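*Asks:* This structure is in structure tokens; I'll ask about it shortly.
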């Protein structure tokens, strides 16, 4: 009886001591992972104005448009840091000023 109680107690302690980690991939099926300061719908008036000024064609874009984006690079031992929205984008224009075809993702929950 003592051995059975000991095993049950040990397993319970092990379960409590093990941290639960839920991780999602920080990779995209297509495109690249970026951190964007702002996200807009591709058919919004703001994006229409920006696209016109930059001569970008956003008609038929699947996904949102990210503004002021930078590539999300994993930090050694610390994961990735993003104070904006983490997204997966199909196209990067003007060094990340505008990213096209973006969809939100979760990184390192």
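Placed from the backbone N, Cα and C atoms, the Cβ positions cover glycine too.
Got these off Swiss-Prot a minute ago, pasting:
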- 1-17: signal peptide (SIGNAL)
- 28-88: disulfide bond (DISULFID)
- 35-82: disulfide bond (DISULFID)
- 36-69: disulfide bond (DISULFID)
- 89-102: disulfide bond (DISULFID)
*Asks:* Please name which of the disulfide-bonded residues listed here, 35, 36, 82, 102, is nearest in space to residue 88 (disulfide bond), Cα against Cα.
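*Replies:* Going through 35, 36, 82, 102 one by one, the Cα closest to that of residue 88 (disulfide bond) is 102.
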*Asks:* Taking Cα atoms as reference points, rank the disulfide-bonded residues 28, 36, 69, 89, 102 by distance from residue 82 (disulfide bond) and give the first.
*Replies:* 36
*Asks:* I want to verify one value. Collapsing DSSP to three states, which class is residue 35 (disulfide bond)?
*Replies:* strand
*Asks:* Counting all other Cβ atoms within 10 Å across every protein chain shown, which of the disulfide-bonded residues 35, 89 scores highest?
*Replies:* 89
*Asks:* Looking only at 69, 82, 88, the disulfide-bonded residues on record, which one has the least crowded Cβ, with the fewest other Cβ atoms within 10 Å?
*Replies:* 82
